[in-house]
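Step one of this worksheet: look at the structure below.
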Amino acid sequence: MGLDFIEGHGEDFERALESTGFGKFHFTLLTICGLIYLNTAVGITIISFVLPSATCDFQMSSADKGWLTAAPMLGMVIGSYFWGCLADTKGRKAVLIGALLMDGICGLLSSMSQVYWLFMMFRFFNGFAITGAMGICFPYLGEFQPGRYRETILCWMELFWTLGVICLPGIAWIIIPMEFTYQTENFKFASWNLFVAACSTPSIFIGLWLFFFPESPKFLLECGEPDEALEVLRRMYASNTGDDPGSFPVLSLREKVRTMSVVSQQSSRSIRSLRIRKPKELKILLQEIWEQTKALCKPPHLRYTIITCLIQFGLTTSYYTLMIWFPELFNRFEEFEALHPNESASVCEVSSVVLPTSNATHIDEEFCGKPIGDTVFLHTLIIGIACIPTSFWLPLCVHRLGAKFFLVFSLIVAGAVTMGLYFVTSTLSNLVLSCIFEALTSLGISTVYCVMVDLFPTNLRVMAAALSLTCGRGGALMGNLLFGFLIDLNCVVPIVLFSGMLFASGLLCLMLPNTGKGALE
């Protein structure tokens, strides 16, 4: 194909993307997107280590702890679609930066909060922000990848999630047991505050680093900005090959028919240039979001919208509920084994035992009990390390077996493992099952994001991911409330319910197409 053809008619985007090569730029981009995903793993689960330590300072009752656990999850439910709408209209990069900086700043402010309600409010905004970063990083990374590498690169993101699950208890184990307190008349900053601050600062640094990366060229072309998209491709080519950007063989890109209907009908401008501060332009932007939302809810996208939302609901509800409650089950087994040495009992029998309580009624003994035991840190660390084999298995074998295989396998086996909780009779067997459960369900969550990059077109991609995230987070919020109510009342019901959800999600995955082979829409 001669350059005259390329200059006169414009090159197809996928071929132009192939012409940039594959190298330094793609690995650097994988690094920063991986760090974003690692950071979300830390941000989502940090509260489990904060609760025991902050109980004393905030004088929290069980109900207070429940609200504090629910606050970031509620923020995720509300934030998912908000960020998705912004990312599909204003751009991936800008919205990612905004979500990361908001998460980091709110995290730092929460670490300095001296009253319970203020801390809870900032954790709500942390959840609101972190879900935006989580939903956007996969589409942003995927839109830079040539078709033959895309699925494998996206699957390597699972390894970063695993590293986040390992890093969090490691950081907590180092910082929280420290005998550190800075206190004045109206301000107290203890080791758990330092832990929250330490886990918040990476968001700010990653957000600032992201300023040096370009906007998705696929998104720019979708917005009707082919020259800007071509400039990004030249930059990728120069980074990968070391050659001058001007020597990039593609001289123009073939514009596709603009699918952003409202803007293309009312203006020749790019949707990214619309300003929220101007009422007329804000109205056009809101109309655009509404049109894109409707497009997700009618053929040809309706089928996959429903399927992915149901898969996320079943998978995420089971994952976040059980992973939050596994430490509680560890604690119940340890208390049972201390009271009844050499006796074995199922998790349901252990949960039904009423453990004797101390007669002490002093507030210090009620709220400022024992610090977090080393076994809690150790068990959480072991669970993270157990995910390493599956984190390598996915990207190394995804081309041979397909993402669909990994989805079905991980969810069906996770459902069987959840059912196996009923037969658990010791702390050790509970730990083994929780390791398998975490490895398989986290594998499933990452694979769903990989598949969704291929299922939806560019102008709907992040919004579709956000809609499924909203369903998942809503289910997780409901699941935690339900599990807390049923674990003591009738333990069998939640085990059967969550196991059934995972089996159903696995069967729904059979209805998805094979992905990762063709060009992105």
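Here, residue 1 is simply the first one shown, and the rest follow in order.
Keep in mind that glycine also has a Cβ here, set from the backbone N, Cα and C atoms.
Automatic prediction, not curation, is the source of TrEMBL annotations.
Per TrEMBL, the feature transmembrane segment maps to 25-47, 67-87, 94-118, 124-141, 153-176, 192-212, 304-326, 376-398, 405-425, 431-452, 464-486, 492-512. Feature annotation from TrEMBL assigns domain 'Major facilitator superfamily (MFS) profile' to 29-517.
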Exercise for review: Look at every Cβ pair spanning the transmembrane segment (192-212) and the transmembrane segment (431-452), keep those 6 or more apart in sequence, and say whether at least 3 of them are under 8 Å.
Suggested key: no
Review point. Counting only pairs 6 or more apart in sequence, are there at least 3 Cβ pairs under 8 Å between the transmembrane segment (124-141) and the transmembrane segment (464-486)?
Key: yes
Check your understanding: Does the transmembrane segment (405-425) make contact with the transmembrane segment (492-512) through 3 or more Cβ pairs under 8 Å, each pair 6 or more apart in sequence?
Key -> yes
Study note, to complete from the structure: The predicted model's mean pLDDT over the domain 'Major facilitator superfamily (MFS) profile' (29-517) is 84
Exercise for review: Determine whether the transmembrane segment (25-47) and the transmembrane segment (376-398) share at least three Cβ pairs under 8 Å, counting only pairs 6 or more apart in sequence.
Suggested key: no
Study note, to complete from the structure: Other same-chain positions with a Cβ less than 8 Å from the transmembrane segment (492-512) and lying at least 6 residues past its termini are 304, 307, 310-311, 313-315, 317-318, 321-322, 347-348, 404, 407-408, 410-412, 414-416, 418-419, 421-422, 441, 444, 451, 455, 479, 482-483, 486
Check your understanding: Which one, 67-87, 153-176, 431-452, has the most C-beta pairs under 8 Å toward the transmembrane segment (464-486)?
Key -> 67-87
Revision key, fill the gap. Same-chain residues at least 6 beyond the ends of the transmembrane segment (67-87) with a Cβ under 8 Å from one of its Cβ atoms are 44, 47, 51, 60, 95-96, 98-99, 116, 119-121, 123-132, 135-136, 139, 289, 292-293, 320, 324, 462-467, 469-470, 473-474, 476-477, 480-481
